[in-house]
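Heads up: the structure comes next, in structure tokens.
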Amino acid sequence: MQGFFWKTWLVLAVCGTPASLAHRPLSYGEALELAVSVYNGKAGEASLYRLLEAVPQPEWDPSSEGSQQLNFTLKETACQVEEERSLEECGFQEDGVVLECTGYYFFGETPPVVVLSCVPVGGVEEEEEEEEEEQKAEAENDEEVEKEKEDEEKDQPKRVKRFKKFFKKVKKSVKKRLKKIFKKPMVIGVTFPF
């Protein structure tokens with residue numbers, strides 16, 4: 001008798017639970033608002049960012065169970081994060097940073113997941129050009145410095161020269177890697193309840 005009670009209770013529990021917990025439909029506008037809110041809350045920036053432009057997504061399906069993508073542009077505002085003001089009250093900074101962002105919503109996950117990837121506009125191409133210019137300038141500067149140091153170092157032992165050369169390479173390598181680390185795109189991933 002006791003086994004029958006537990007089997008019945010288990011069947012009722014399974015029947016009473018929805019087969020899949022469907023998410024609340026999310027319109028394209030709501031998805032953009034949520035993406036901007038997530039960026040402002042998780043990016044760790046001092047200033048708030050506001051939507052500058054959104055690429056229309058005619059294939060956006062608010063009731064989709066799969067993944068959805070949206071593309072948009074954010075711009076830095078004059079408001080600071082700690083002020084906790086509404087974005088509508090915040091005007092854009094004249095020279096504010098502009099970010100190209102791509103958001104991916106994964107509605108098939110429980111809870112749903114959003115992943116944002118943002119990079120400064122013109123960042124990649126300009127960074128490459130800046131790097132090339134810096135390398136040229138460094139090479140020219142290095143040649144001049146080397147000529148001056150050669151005159152001074154004629155009397156120094158070879159060991160000292162080798163160490164200086166080695167540490168110069170290490171210094172350049174560290175600088176280059178630090179620049180790359182700090183210029184990588186920002187990627188944020190969060191789950192959100194419906």
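Any Cβ shown, glycine's included, is placed from N, Cα and C.
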Practice task
Determine, on the basis of Swiss-Prot, the cysteine among Cys90, Cys118 paired with Cys101 in a disulphide.
Solution key: Cys118
Practice task
In Swiss-Prot, Cys90 sits in a disulfide bond; tell me which of Cys15, Cys79 is on the other end.
Solution key: Cys79
Problem - disulfide-bonded residues (Cys79, Cys118), the one with most neighbouring Cβ atoms at 10 Å - result: Cys118
